[in-house]
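The transmembrane segment annotation in Swiss-Prot covers 14-34, 36-56, 69-89, 97-117, 142-162, 227-247, 254-274, 288-308, and the record cites sequence analysis as its basis.
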Amino acid sequence: MNLEIMQNSLVNFAFGGLLIAMLVYWISLAFPGIGGLNRLATLITLLVNIALTLTLSSRWFANGYFPLSNLYESLLFLAWGLTFVHLFIENKTKSRLIGATAIPVAMFVTAFASLALPLEMQKASPLVPALKSNWLMMHVSIMMLSYAILILGSLLSILFLIITKGKDINLKGSSIGTGSYKVKNTDAKSTLIFSSQVGIVQEQSNMLINSTRMNLLESIDNLSYRTIGLGFPLLTIGIIAGAVWANEAWGSYWSWDPKETWALITWLIFAAYLHSRITKSWQGKKPAILASLGFLVVWICYLGVNFLGKGLHSYGWLA
């Protein structure tokens, strides 16, 4: 079989598998009583990750360099990173939420790579001299992996904001959660305060609070924090590696290239998020808003700047 045909078949399989996995994850959340759905979705995601691994490995073998030299390859690597990180976190937390949020993004990325990009952008081309460096694999792979992790963490924060829309819910305690929360219905003046640590419930009205939902919100907030905490050090290492590579290739650590500027903005936003969690002990909506802003900025840094056709990192599609 022709190598290019095999790669296209694997990418098509990945897209179809992600579509099915997304539906299965959503059904498992809607009908938690149905057994085996989560395992099925996890198995499908694992097969998709293997398919993407084979695709990237075959391009590496065929072209002789790590497959991160163009937009098509970086999108496939991002989809691989999203599925890999999702499988890792799901294995650690046993939570279906990460799959229900990660898989749709991975599916969109795969579809965009295979359906939206022109064929000439999907083909590998010889590397320019500056890219013939081991820094290509280190810098770009770490940056893309950090993007994948930060996107997942930010998505969980967006999910938190969606669920809490219309309610003033403030989680109380340390930044990693203590089982305490305060809820205020924005449509009424009544307030209920609950603390699992002291076992006190004070009710000022007949408003009923679903404790299961509150525990879910705390889990989402917690998981978002831990995920972003994992991605931020990788982003930092990736930026430093890029600066060292830039000095080696062009004689300057930092040139305020649009990509570099937006990478710095991304770093500052997530640094502010972690600062608010660690030093201010923020939980709930305030840090979730910061993380949601970070979600937008990551995509601007990754795709928006590249499509402008300016700077060393540009793919020039819209130029």
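Including glycine, each Cβ sits where the backbone N, Cα and C put it.
The shown structure was predicted, so the numbers you read here are calculated from the model rather than taken from an experiment.
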Two-stretch contact, the transmembrane segment (97-117) and the transmembrane segment (14-34), at least three Cβ pairs under 8 Å: yes
Criterion met for the transmembrane segment (142-162) and the transmembrane segment (227-247) (at least three Cβ pairs under 8 Å): yes
